[in-house]
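Taking it in order: structure first as structure tokens, then the write-up.
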Amino acid sequence: MMNSASWTPLHAQLHRTLKVRQLLPLQQRLLVAVSGGQDSMSLIKLLLDLQPKWGWDLAIAHCDHRWRSDSGANADYIEQLAQSWQLSFYRQTAQQIPKTEADARHWRYQVLSEIALTHNYDYVVTGHTKSDRAETLLYNLIRGSGSDGLQALTWKRPIDIAANVNNTNHNIGLVRPMLEILRSQTGQFCQDQQLKIWEDSTNEDLSYARNRIRTELIPYLQTHFNPQTEQALAQTAELLQAEVDYLEQTTEQLYQQAVSTEPESSGLKINRLILRQAPLALQRRVMRRWLQQILPTSPSFEHIEKLTALISAPNRSQTDPFPGGAIAKVDHQWIERF
Ligand SMILES: Nc1ncnc2c1ncn2[C@@H]1O[C@H](COP(=O)(O)OP(=O)(O)OP(=O)(O)O)[C@@H](O)[C@H]1O
């Protein structure tokens, strides 16, 4: 058991968040993703200290992208820490060095889900913070994302199981328990706890946009507009998340009512009379849902708008071809894919 002197306000905050949001139930097997940076180092230390109260079985996973000459030493350091804490340690080294941040992320989640599946972990836990949430929201806002992108980093979602892994009966949750904690707090915590951290210089090389949001845009907004910018953005993300959840549930119900259940149409017809009653926000979402079924790529704003226009267009109206060559056509109350 930890002594009370090492119980800090951050321990209390995380403990409370876990309780209130019911993110990581008692006694579960948790695979904690540790990069060596201040956020995930704080995460593992905090979870380790809370472990006696929750009875989890903790382990560490580290993915070595081989981006830096000292990345092996970073992995060794985390391995030693795991040993000193008597935790299982899983290390995966990239065969090919990922070229972009997105490739690296994709590989990382694949590795994490494979380790979790193979070794029977119920949850993968990452160290994303409130600051990450604020940055992700801004990043997506600038790129023209709708509310789905602006909800920016959810607390909990099922992890995408890699396609090459067959055993999909096992559901693994991805949990981000530190979304109420700021990066400045994890920095301070590592200092106070004398946790050595590995600064991630790859950010500077590979993720210009994200890095500049962090080092230029947020400080600018803090200085000139609102010192609590990170709080404000993260709060917006939190509100949007609940709204998006609600809209998605309603969309699913409407979609199920509107899509044809005739066996020969196999979901390729949708009833526009039903959709006509619905507000535009739901029309767009149902159309996006339908397009996701019938297009090979993810639908763009323009695709969704073209299809939504058919809901009130004259009979026999049709769209231009979508990627993959399909078109959508109006046949009385139906919109059909050809
Ligand atoms: N090399 C790594 N090995 C293990 N876990 C990692 C690694 N890199 C990142 N993580 C995990 O992911 C969290 C977020 O890291 P970071 O912000 O660098 O990733 P990101 O790519 O911006 O996030 P996202 O994956 O959501 O896009 C870290 O706190 C850590 O838990």
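Numbers run from 1 along the shown chain.
Heads up, the Cβ atoms here are built off N, Cα and C, so glycines get one too.
From a predicted model like this one, the values you see are computed outputs, not experimental measurements.
Per TrEMBL, the feature domain 'tRNA(Ile)-lysidine/2-thiocytidine synthase N-terminal' maps to 30-215.
The ATP binding site annotation in TrEMBL covers S35, G36, G37, Q38, D39, S40. DSSP gives G36 (ATP binding site) a coil state; it is part of no helix or strand.
The domain 'tRNA(Ile)-lysidine synthase substrate-binding' feature in TrEMBL is assigned to 275-324. Model confidence over the domain 'tRNA(Ile)-lysidine synthase substrate-binding' (275-324) stands at 93, taken as the mean pLDDT rounded to a whole number.
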Review point. Counting by DSSP, what is the helix, strand and coil composition of the domain 'tRNA(Ile)-lysidine synthase substrate-binding' (275-324)?
Key: 29 helix, 1 strand, 20 coil
Practice item. Around the Cβ of S40 (ATP binding site), how many other Cβ atoms lie within 10 Å? Please give the count over every shown protein chain. Key: 25
Practice item. Quick one: of the binding-site residues S35, G36, Q38, flag those whose CB is under 6 Å from ligand 1, and say none if nothing qualifies. Key: S35
